[in-house]
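Structure record follows, encoded as structure tokens.
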Amino acid sequence: MDLIISVLGLLTLSLEGIRCQGVYAPPTVRIVHSGHACNVEEERHTERVYTIREGETLELTCLVTGHPRPQIRWTKTAGSVSDRFQDSSVFNETLHISKIQRHQGGRYYCKAENGLGSPAIKSIRVDVYYLDDPLVTVHQSVGEAKEQFYYERTVFLRCVANSNPPVRYSWHRGRDVLSQGSDKGVEIYEPFFTQGETKILKLKNLRPQDYANYSCIASVRNVCGISDRNIVFKLTNKTASPSIKLLVEDPIVVNPGQTVSLVCITTGGEPNPTLSWVSSSDSLPEKSVVKGGTLTLPAITSDEAGVYSCVASNNVGNPAKKSTTIVVRALKKGRFWITPDPYHNDDNIQIGREVKISCQVEATPPEELIFGWLKNGRAMRSSERMVITQTDPDISPGTTNLDIIDLKFTDFGTYTCVAALKGGGIPEISIDVNISSTTVPPNLTVPRGKSPLVVREGDTVELECLVSGKPKPIILWSRADKEAPMPDGSLQAESYDGVLRIVNVSREMTGSYRCQTSQFNGFNVKPREAVVELIVQYPPSVEPVLLEMRQGLGRPVVMNCRVLRAHPSRVLRYEWRLGNRLLHAGHFDQSDETEYTVKSLNREGWGEYTCDVNNEAGAGRCTFLVTGKEYLIVCPKWHPIPYRVHYFYGSWSKVVYYVMNRVPFGMWLSRLLMTVRTIQEGPDPSYRKQIC
């Protein structure tokens, strides 16, 4: 009778809904595994190890308890977020890696925290097993006479295979197993005597029977179902390392746009060597074509110049390598500078003094570079007062100078430096330099109101320095406050009008920028310089950006919005709103966070709360979605009890609806008794399995 009363009481409670009061508890965590494990060593005195074969699926699940429900985070090796698995896996209970690779082995950590006590952390070491095909290389030596009587011709066969766990090797000659001591003409070096997991077979003073097929078998003892791998090498009296020949000149000098073909042939080697091409830039040009030993580079450009090497390998001895250099003719970066009389420390040009005009270009190949000088369009020759020289290429390559001794009024005019290549096919470069009484050294200033510059992140900004002088020099921009690159990634940026334009300026670009005159295309005098200050404002970055909070009626809700960074940060204002209704506003003082509390939640209190944090550059927003929405868990059709489960921030509530259609009373009653209990885990797939 008491049992029936109890059951009826439970039934009444069930139909009205049961609220299970939550108890705050710090997190606990444990890791369970699934997927394709070969072996899992559970914790004893050493670490826990999960062994898996390369290419299989790794699946680790982090089971946590605690209230409020802990946040989960997967990390790898020393606690930093791993870049070896997708970000979507990092914050899930289950870490899933399809087709795991060897580099993804290591220690994985599951960290759970809910703000109570210390975070709970568990780890497991993942060991990825693999075995690559072995490789046999052959080295042959012909010994010289030792003490006038000892001669030896020896061959070494070296076998190596990458593996985990360590590999074991065995050798066969034909069908016969070779072992240490089985043949006095054979020695086997175990891995202990050679660095790394290798095994060397030494054939001493070759005999006729030594010319045979040799098999190296690599084995990891079938762990994880990894079968043995083997390779066969045929040793004959003709076995020899490769030799090759390049049928091209070195270097090859061509004009841009030409098609270049490099031909490489083998001149020896047994087995027959394979040929490949490599370049000094690590990869061949995309449009290159390799056919056999011929490499073709159609419509070659200056960027494709460099060293190209033909490599031949047959695993006997060392690979053979022959190289040639492709030089693509080019002329670029023509520039000049004017040096006033160096003996009088002049910064300007004066009659009766010396003036030097220097002209420089970048030429490829440099030995083909030739210069010419014109005055007012007429060719010049070197004389006692007009001295034309080409400087030492090791000190200042590609440079020519025109020294005007005892400058006269009749020397004023336009001087032209002309650069060309002897081989032709490349347009010449000409540079005009005007020497007159109006030729003056440069001056550099920052316009009024242009420093400091205050802009907002994402804007386009122009840093400006006014430059005067004739000729007007190039301006070099660089960071003045720290060793940092310019926005384009270079250490210096050139400007011909004194303006540095930055598109989509970022907060990292805040700082001091130096503008200074370059010696090029101007006077070769002490650089003039100025500094422009750039201040980049950006709106506050806040957290959390979006947080869903579930809470029951009559319970408190505490929302916290924290400022991570902002500029300017001295005046930060916040506004809390529920929908469009202003709840609270104020200014930040010393703290970097603001908190809003709903003491007792009512139905009108459910909704979207926002906290806008403002500065001069804009606003950052924290959003909190406070809801009492239930989770509907649909059980399989055969199950008589569908669930509708509520989860709030502080507790769980459970409303259970029972269906008795075609279910015997005894079965229905037993399931009722089993399901009226405290719910401790969330509505995730594992929880669904638990209640259904």
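Just so you know, glycine gets a Cβ as well, placed from its N, Cα and C.
Features of the protein shown, as given by TrEMBL:
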- 1-20: signal peptide (SIGNAL)
- 27-127: domain 'Ig-like' (DOMAIN)
- 134-232: domain 'Ig-like' (DOMAIN)
- 242-327: domain 'Ig-like' (DOMAIN)
- 340-436: domain 'Ig-like' (DOMAIN)
- 442-533: domain 'Ig-like' (DOMAIN)
- 540-627: domain 'Ig-like' (DOMAIN)
Secondary structure tally of the domain 'Ig-like' (540-627) (DSSP, helix then strand then coil): 3 helix, 58 strand, 27 coil
Mean of pLDDT values spanning the domain 'Ig-like' (242-327): 94
Structural state census, the domain 'Ig-like' (134-232) (DSSP three-state): 9 helix, 50 strand, 40 coil
